[in-house]
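I have placed the structure first, in the form of structure tokens, so that the comments after it can refer back to it.
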């Protein structure tokens, strides 16, 4: 039905108690008719975006810090059997709660890899810290890093397995992420063997693999903050790996960091 130019203009109709919402006669709906602000008429959906910083920037910083101090202790660079009772408050707050919070925010950013990684390893550091907190209420029980410990070993089994899965996915993102996860998963697998068979040399290797992983994670944090500081320049090599992506997915989206749109870069 053609639009009747002689029709009463919407501004004269008493159908809305909010005059600023009355549509102009130049605004037509999908049928070509004037889009009046009639009561009960369905309104168009509105989407509000709230950009956030990349959650994995915080998550990897927390991971790198807690993993570094733990890895160097496992490698016997410092400390003794009571050192973990001094380390656990920092590991709990930053490595545990900080990383877990980053994992929760990664859900909003649709960063599946980041959400799984940070919530899983954040939970691990929280559990370790709470265990040390409970045992430190009385006399501090010496923690022999190289003793037979089937509980620590069995913890490492699912952590290593899932981290290897995340490594395979990270290969399609960039090689720094992939290397961070691969060295972590490999060290965790060595931890399974070392604590099950009571072999100090293998447990030391766990520490060194985790140390390399923490350094790579710190480099990835540097990429995040440098990209924010100079978004139009690559101040550090990113080691992207887009060869196996489709032509649509090779480039990073313009709306990164916006919850509900795309995973954070």
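Note that Cβ sites are derived from N, Cα and C of the backbone, with glycine treated the same way.
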According to TrEMBL, transmembrane segment applies to one of these ranges: 34-56, 57-79. Which one is it?
57-79
The transmembrane segment (151-168) vs the transmembrane segment (85-107): 3 or more CB pairs under 8 Å:
no
Of the stretches 57-79, 85-107, 208-226, which racks up the most C-beta pairs under 8 Å with the transmembrane segment (175-196)?
208-226
